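As given in Swiss-Prot:
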ACT_SITE  72  active site, proton acceptor
ACT_SITE  141  active site, for ring-opening step
ACT_SITE  143  active site, proton acceptor
ACT_SITE  148  active site, for ring-opening step
SITE      151  site 'Part of the allosteric site'
SITE      158  site 'Part of the allosteric site'
SITE      160  site 'Part of the allosteric site'
SITE      161  site 'Part of the allosteric site'
SITE      254  site 'Part of the allosteric site'
């Protein structure tokens, strides 16, 4: 596992965006051989999306031959609801780059048959072989996507009941009213995420410090689903200083020295 310890959340966004752009450019995608990118929603990746848009506008990366798969979607709110993850992605990213509509893949939280929708999504991912890079965030309790504590580490795309903690955390997007936050969501599984060629998790803020500690220094544990990254051959965690508060000083020092060349300029 790689750990990229940076000072501020804005630096996390810029580093992650530069990493994605480099991966896309090195891949040299074409219509027949697209780069497949997994994407999250939430507050943490906003800085990354902003930086990616800037790189696109500067002509440093193109999304013309990039296929995307999002991590999750709420069940029971309209697709055009301002807080649906579909709306989030178009507002904060898709509307600002040259991605083709046909290359955007999102879970349908209003599908009549949720299990069939989850299987369709898994099959669509497999049709591309694999996801080349999956970017994600992490919850205060260590969940990745909506794989809440005690989720199977081999789980696939499925329906999940959201914990009260997650709904409280997400209520900030619903005028602070937990009753407006959906109770269920469709989400990729931990196993789905681990199938990706590379996984990059963004961690910012002191409230994520325990989750980062569990991911880096803890044991692999289904109560902290982010810890499953330890099983991945190509995992990278990009974090800011406040989120590093629970890590041992020697851990941060070790990775700071190891990644010194990759941190330069950020």
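Every residue, even glycine, has its Cβ placed from backbone N, Cα and C.
On the structure: features taken from Swiss-Prot.
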residue	record	DSSP (3 states)
72	active site, proton acceptor	strand
141	active site, for ring-opening step	coil
148	active site, for ring-opening step	coil
158	site 'Part of the allosteric site'	strand
254	site 'Part of the allosteric site'	helix
Residue 158 (site 'Part of the allosteric site'): tally of other CB atoms within 10 A of its CB: 21
Shortest C-alpha distance to residue 158 (site 'Part of the allosteric site') - which of the active-site residues 72, 143, 148: 72
In sequence order, the active-site residues (72, 141, 143) whose C-alpha falls within 10 A of residue 161 (site 'Part of the allosteric site'): none
Recorded positions: 143, 160 - member with fewest neighbouring CB atoms within 10 Å: 160
Separation of alpha carbons, residue 148 (active site, for ring-opening step) and residue 160 (site 'Part of the allosteric site') (Å): 8
Cβ neighbours within the same chain of residue 72 (active site, proton acceptor) - under 8 Å, at least six residues apart: 41, 85, 107, 145, 146, 185, 186, 187, 188
Proximal but sequence-remote residues of the same chain as residue 151 (site 'Part of the allosteric site') (Cβ under 8 Å, at least 6 apart): 143, 160, 189, 190, 222, 225
